[in-house]
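Now, the feature entries from TrEMBL:
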BINDING   CYS508, CYS587, CYS588  Zn(2+) binding site
COMPBIAS  58-73  compositional bias 'Polar residues'
COMPBIAS  88-101  compositional bias 'Basic and acidic residues'
COMPBIAS  102-135  compositional bias 'Polar residues'
COMPBIAS  144-153  compositional bias 'Basic and acidic residues'
COMPBIAS  174-183  compositional bias 'Basic residues'
COMPBIAS  184-196  compositional bias 'Basic and acidic residues'
DOMAIN    235-602  domain 'Hcy-binding'
REGION    57-201  region 'Disordered'
REGION    207-226  region 'Disordered'
Amino acid sequence: MWDTLRSLLLACKNRKEQENWVVPFHLATSISKFQARAQQLGQGSNSDEIQVLIRSLTEPSMSQAGTTATINGDSLPERPAHLPARPQTERPPLKRPDMTKPSHTSTGGMASNPRPATQTRDPGSITPSKRSLNSGEAPHIKRAKIEITEERQLTPSLLSRMTKPVADDTEKTLRRRGAAGKKHVLEDSSEPDKHPMGGYSIKGAAAHAERGEELGDPAPKSSSLLDRLHRSEGIDGATTMLEDSTLLADGGLGTTLEDHFHLPISHTPLWSARVILDAPDTLQQAHLEFLEAGARVLLTATYQAAFASFEKAGYSREVATENMRNAVHIADQARHQFCKEHSDVHPQDILIALSLGPFGSTVSPMQDFGGIYPPPYGPRAYSDSEENITSFGDDTEGKNDSIKALARFHEDRLRVFTSDKGTWDKVDFVAFETVPLVREVDAIRQAMYNMKESISPKPWWITATFPDGKCPETRQPGGDHLTASTVANAMLQSIGDMPVPNGIGINCTALAFLPELLQDFERANTDVNKRPFLVLQPNGGGGFNLSTQAFVEAADGEGGDRWAEVLASMVREAKGRGWKNIIFGGCCKTGPGDIRALGKAM
């Protein structure tokens, strides 16, 4: 064990001397455990050398010693030279982007208004930005070139460790993210704290040392957010579990662009997707605001993006395809920009979820809350004069045709992203959001089944909406509403080879309805050991008025910190009831300030 530990400590020492490297706090804590273990074993050649190496790591280097600054007469440590400079407090002015409708071309089609490469903003129209970002540039990430050999295997990436490799009869393989076509043999590991490919983590090795056990593979694995994630099967139906984890997601992107950045995107066919075309730098800034607030799961600006939505706005399928993919790249640029400014955060610690709204988000008026779909997607289109219904009743043929049509809608849209490897590789989760109908849940599962042979595995979730605390779908036209238990059963029940989502949950619903809805979800899945991860993203404010199609302001004492405290309490209680793995954040009318408060409340 000590030979292995000596090699590890020597590598750390060399890095410290050559790169002016500072030992991270969590690593220093683990190293101290080794030192205590060495002292317990007495004075021997091994323990003496180990303690000397540990002292050389935990003591400050010559380049760091004596570096101080004086504030009000007191000496304080200066910011280490190897860290990036702190961001300036002053923000560059922003100008409201041109949100005018695209102009007609000479051929009768539609063309977007040209946008200069560098945009300035009017500080009176949009909240000032922290950064001046060029939307056309992706952050340059330097990567060391490493030759993969049988003796020197790469530490598996965050996403590859979350996704179980595709297996055949002879071996299991692991595809490394960003290294297409290269496979590495992966053996199962039955030892705790040890990854089959990366070996022991520093903390895992320290735990073994405390137990007096011998170390196995000396290669440490990287420590990051997705180290806690693992996937038991592929996209065809098993569960990705967050090992007793809670992950903080962002808030309502569309309403943040409206309220915080003052962009006029309400009641437009594209909503937040409009900003992909007209103000990509502002969209990137919105993502960065959520990351600064503590979010580590970003949802893309694609909730309302679909071919039909772009067509209503006057754009071709080619333009739609390009901009739908651009939304993913903008989120990825924000991820890298944030990590460039925060050296303690790695890009793999920030997860991108592809946001996909229901079919109802593409019709007018929007029916993501109402679930009133025109044929063949539903029994009858929305009407101002007739009764609106969401159920086919006893019309089994009509219901089945509806499921097939909805499955085609979701499949066609998803293929926009899966057909481009550069885009699909940047996606960590697929999020089907604000689903109002049980038959649309069935359609989403059917779409995922249709695509399972043609796409690489990604964990995915379905979240349903419950306006006024009820499912919009009824059992019979004008009858009782389906229960939340029925919705959860539709997500999880085993039907032949139909895939089961890795996560289920509730979004775009008033916070007050969550406790009762969660109880219904739990009744649908009483086996806590087989539960998928839970996703909770309630609305802020005072709810949504279906008649006026507008959000209601929160009453005094119900918004801001109070919203965060109540949701944080619900998350803790849900974990206590067996939901070990939870992704939580906000939906409409929740901005970066709410997410920051939510993180503090947890």
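Placed from the backbone N, Cα and C atoms, the Cβ positions cover glycine too.
Predicted automatically and left uncurated, TrEMBL annotations should be read as such.
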Can you tell me how many other Cβ atoms are located within 10 Å of the Cβ belonging to CYS588 (Zn(2+) binding site)?
23
In sequence order, which same-chain residues at least six apart have a C-beta under 8 angstroms from CYS587 (Zn(2+) binding site)?
GLY251, GLY252, THR434, ASN507, CYS508, THR509, GLN537, PRO538, ASN539, GLY540
Over the domain 'Hcy-binding' (235-602), work out the mean pLDDT and round it to an integer.
92
According to DSSP, which of helix, strand or coil covers CYS588 (Zn(2+) binding site)?
coil
Just to be sure I understand the packing, how many Cβ atoms besides its own are within 10 Å of the Cβ of CYS508 (Zn(2+) binding site)?
25
